[in-house]
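As recorded in TrEMBL:
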REGION    B:1-25  region 'Disordered'
DISULFID  B:Cys32-B:Cys67  disulfide bond
DISULFID  B:Cys42-B:Cys56  disulfide bond
Amino acid sequence: LTNTSISDAQEMETIWTILPAIILILIALPSLRILYLTDEINNPSFTIKSIGHQWYWTYEYTDYGGLIFNSYMLPPLFLEPGDLRLLDVDNRVVLPVEAPVRMMITSQDVLHSWTVPSLGLKTDAIPGRLNQTTFTATRPGVYYGQCSEICGANHSFMPIVLELIP
Amino acid sequence: MLDVEAQEPPKGKWSTPPFDPRFPNQNQTRNCYQNFLDYHRCLKTRTRRGKSTQPCEYYFRVYHSLCPSSWVESWNEQIKNGTFAGKI
C-alpha cells in the first residue's frame, strides 16, 4: 500500500456517495406511501375526544350528549387490592369491542401523548391541533397506557385506561 | 342574529361524523373549525333569508362531535364579544 494508491480516488468517492443516496431514496418513497396507506378510512361508529392536561386526561363523549369526565391516576393510598400502581385511574374510558372508534386527541396546555401500546396506539396531544387516530378493538378487557411525551413533574402519573366491553 | 346560546345538540338519530375527504389525514383541526364556521354561516344566511335553519343541524352535529368543548366555548365567547377571527 503506497500513498498514491490509497488517496485521490475521486470517482470511487463520488460513486459510493451517490449510489447509497439513491438506494435510500428508493427505500424511503414506498415507505412513505405505505405510511399514508396504513391510515385507513374506517367509518367509525363513534367519536371520543381526549384532551391532555397537566396532569390528567379529559374524555368527551359528545356524539349523543354531553358526557365529559376527567381521568386521574389513582394515588397509591387509594388503591384497592389488585389495582395496578401508577396505572389505574378513577374513571376509565369505556368502549365497546368490534366497533371502529375515532379518537380525537389534543392538549389544553403542553405536549402530551396518548398511548395504548397493546392496541398499537400512540398519538401526540398538541395544543391547538386536533389529531385523529382510529382503532377497532377485537378483545374485551382492560388496556393500559401512559403519557408518552414529557409534560412536567407528573408526566409519569397520568395514565390511560381503556375498558373494552363486549 | 346568531343565537350562540342555543347550542344543545338536536334530538334525533345521529351516529358520528362520516369520513370527510377534504380532511383525509391525521390533522383534523381544520375539519372541526370548518364545520364550526359552516354552521354559523349557514345559520346567518338562512336566518337572513327567513328560512328554516334545520339544514344547518348537520354542521352543528359534526363540530359538536369533533371539536373539544373548550374550543367551542372559547369561540362562542369570542363571537359574543365580537372578537372572533373567523369570517362568518
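Quick reminder: no glycine exception, Cβ is built from N, Cα and C everywhere.
Not measured: the values here are computed from a predicted model.
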Fill in: For the disulfide-bonded residues B:Cys56, B:Cys67, the one whose C-beta sees the most other C-beta atoms within 10 angstroms
B:Cys67
Discussion item. Helix, strand or coil by DSSP: which one applies to B:Cys32 (disulfide bond)?
Written reply: helix
